[in-house]
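Trainee: Feature list, courtesy of Swiss-Prot:
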type	residues	note
BINDING	HIS59, HIS88	heme b binding site
DOMAIN	2-142	domain 'Globin'
MOD_RES	SER2	N-acetylserine
MOD_RES	THR29	phosphothreonine
MOD_RES	SER53	phosphoserine
MOD_RES	SER73	phosphoserine
MOD_RES	SER82	phosphoserine
Amino acid sequence: MSLTKTEGTIIVSMWAKISTQADTIGTETLERLFLSHPQTKTYFPHFDLHPGSAQLRAHGSKVVAAVGDAVKSIDNIGGALSKLSELHAYILRVDPVNFKLLSHCLLVTLAARFPADFTAEAHAAWDKFLSVVSSVLTEKYR
């Protein structure tokens, strides 16, 4: 599945706004993930998962930075996220379904933070983009 030129333009355009709030968006997305899907906490037994904790903020920042890497390499997302895919598949052994859960939580966060920008067209583009990201992150599982 690949993005159309229009979808790519939407992603890159919105990213300019998102990147200015990356840390906050990452933290909020993880808080939403852990609240909505508490089973995902099992991958972070060594983290303080209280809302706003330093570890949660740091990991949220990493998550959004990885999304940013995918945006910057929108024509080669696989290349941009290959090492991250290996890490999650071989070392962390994260269940692939969690990427979809995280993607959904990011979509909700973006919709809440950017209601004027998050039109139906933008929602569809971000959903497709995050599906591509999730697919790339699960490539090494096969």
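The backbone N, Cα and C atoms fix where each Cβ goes, and this holds for glycine too.
Model, not experiment: these values are computed from the prediction.
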Trainee: So what sits near the residue listed as 'N-acetylserine' in its own chain, CB-to-CB under 8 Å and at least six residues off in sequence?
Mentor: VAL132
Trainee: Counting other Cβ atoms within 10 Å, pick out the least crowded of the modified residues THR29, SER53.
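Mentor: Lowest Cβ count within 10 Å among the modified residues (THR29, SER53) is SER53.
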Trainee: Taking just the CA atoms, what is the gap between THR29 (phosphothreonine) and SER73 (phosphoserine) in Å?
Mentor: 22
Trainee: Return the residues near HIS59 (heme b binding site), defined as same-chain residues 6+ apart in sequence whose C-beta is under 8 angstroms from its C-beta, sorted by sequence, else 'none'.
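Mentor: Sequence-distant Cβ neighbours: GLY26, LEU30, PHE44, PHE47.
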Trainee: Just counting, how many other CB atoms are there within 10 A of the CB of SER82 (phosphoserine)?
Mentor: 15
Trainee: Could you give the Cα-Cα distance between HIS88 (heme b binding site) and SER53 (phosphoserine), in whole Å?
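Mentor: Cα-Cα distance, HIS88 (heme b binding site) to SER53 (phosphoserine): 23 Å.
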Trainee: Rounded to the nearest angstrom, how far is the Cα of SER82 (phosphoserine) from the Cα of SER73 (phosphoserine)?
Mentor: 12
Trainee: Indicate the candidate from SER73, HIS88 with the smallest number of other Cβ atoms within 10 Å of its Cβ, considering only these recorded positions.
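Mentor: It is SER73 that, of the recorded positions SER73, HIS88, has the fewest other Cβ atoms within 10 Å.
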Trainee: Could you pull the average pLDDT for the domain 'Globin' (2-142)?
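Mentor: Its mean pLDDT is 92.
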Trainee: Report, in whole Å, the straight Cα-to-Cα distance of SER82 (phosphoserine) from SER53 (phosphoserine).
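Mentor: That separation, Cα to Cα, works out to 29 Å.
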